[in-house]
């Protein structure tokens with residue numbers, strides 16, 4: 001593969017084929033391409049607009065080069081991030097609820113644009129985020145939950161970390177996280193930072209052997225189910241791609257004030273989650289339940305979103321014990337108790 005020819009093709013706004021993109025991504029991730037050319041390629045892709053084939057090719061490369069574990073029938077609740085609003089880590093909270101009834105392989109990272117990434121909030125709760133593969137399988141067996149820290153499970157990505165940081169712009173790598181779960185989770189609730197990317201990412205997901213994925217973008221511009229209004233969805237399954245629009249009031253609840261969901265730090269997010277689990281923060285609890293409801297539908301545990309919401313109400317009642325179990329087997333209960341004390345006021 002001639003990297004300069006690939007660059008010229010991208011500059012001329014021609015899309016790469018899947019095999020070309022996969023080969024290119026492997027070369028970049030392995031550190032075989034000079035940084036100046038990596039920068040040029042990532043910018044050219046962004047300016048052209050990443051195609052479905054390019055996303056699929058890059059995702060396949062990242063999956064192949066990742067440290068892998070086998071978690072049958074797992075669900076993930078990862079999102080692209082990048083919405084910039086800094087809301088509570090609802091996908092992580094939902095993952096904890098889902099682990100009451102299904103294996104969860106939560107793939108995530110530290111915050112990039114927000115105040116708290118999934119790794120940050122789990123650490124604040126006392127969780128040990130570095131989990132080797134054998135230990136990960138053990139934790140899933142015992143608790144139905146494991147966190148797969150992206151930096152640990154995609155070690156080759158360190159070869160592009162400097163370029164990405166220097167560029168300081170969104171690149172194709174920013175949208176690959178939810179598509180590259182090291183456990184190859186077959187079910188997913190995938191938050192998308194932009195409504196415009198729903199179509200592209202749903203078509204990409206369709207090519208990547210998921211059983212069922214629900215991609216969501218919610219008003220007022222978040223990569224979650226909307227707490228205030230409409231959620232735009234793409235439901236991807238073996239049968240194809242279905243487009244759905246759903247309003248928060250369709251759950252049978254009122255809209256949730258967005259300002260009640262904003263956090264300033266990982267600890268702040270952890271406290272809000274625990275308060276919701278304890279029944280002390282109704283707004284955050286509702287936000288968790290509506291996102292969990294859609295994830296339950298992705299798992300085919302319920303027949304519609306409203307039924308999912310009713311199921312989520314039951315799950316959140318059992319969330320504190322589940323959180324204690326998760327931290328006790330892989331973390332620091334002292335840190336969790338500190339958060340519990342701060343949450344009890």
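Yeah, the Cβs are placed from backbone N, Cα and C, and that goes for glycine too.
According to Swiss-Prot, the anthranilate 1 binding site annotation covers 79, 109. Annotation comment: Swiss-Prot describes 79, 82-83, 87, 89-92, 106-114, 118 as 5-phospho-alpha-D-ribose 1-diphosphate binding site, evidence class sequence analysis. The Mg(2+) 1 binding site annotation in Swiss-Prot covers 91, 224. Annotation comment: Swiss-Prot describes 164 as anthranilate 2 binding site, evidence class sequence analysis. The feature Mg(2+) 2 binding site is assigned by Swiss-Prot to 223, 224, with sequence analysis given as support.
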Could you state the whole-number distance in Å separating the C-alpha atoms of residue 223 (Mg(2+) 2 binding site) and residue 110 (5-phospho-alpha-D-ribose 1-diphosphate binding site)?
16
About how far apart, in whole Å, are the alpha carbons (Cα) of residue 164 (anthranilate 2 binding site) and residue 109 (anthranilate 1 binding site)?
15
Residue among the binding-site residues 107, 164 whose Cβ has the most other Cβ atoms within 10 Å:
107
So among 87, 91, 224, all listed as binding-site residues, which is physically nearest to residue 109 (anthranilate 1 binding site)? Use the C-alpha atoms.
91
State the Cα to Cα distance, in Å, between residue 107 (5-phospho-alpha-D-ribose 1-diphosphate binding site) and residue 224 (Mg(2+) 1 binding site), rounded to an integer.
16
Spatial neighbours of residue 79 (anthranilate 1 binding site), counting only the binding-site residues 87, 110, 224 and Cα distances within 10 Å:
224
Whole-number Å value for how far residue 224 (Mg(2+) 1 binding site) lies from residue 110 (5-phospho-alpha-D-ribose 1-diphosphate binding site) (Cα to Cα):
17
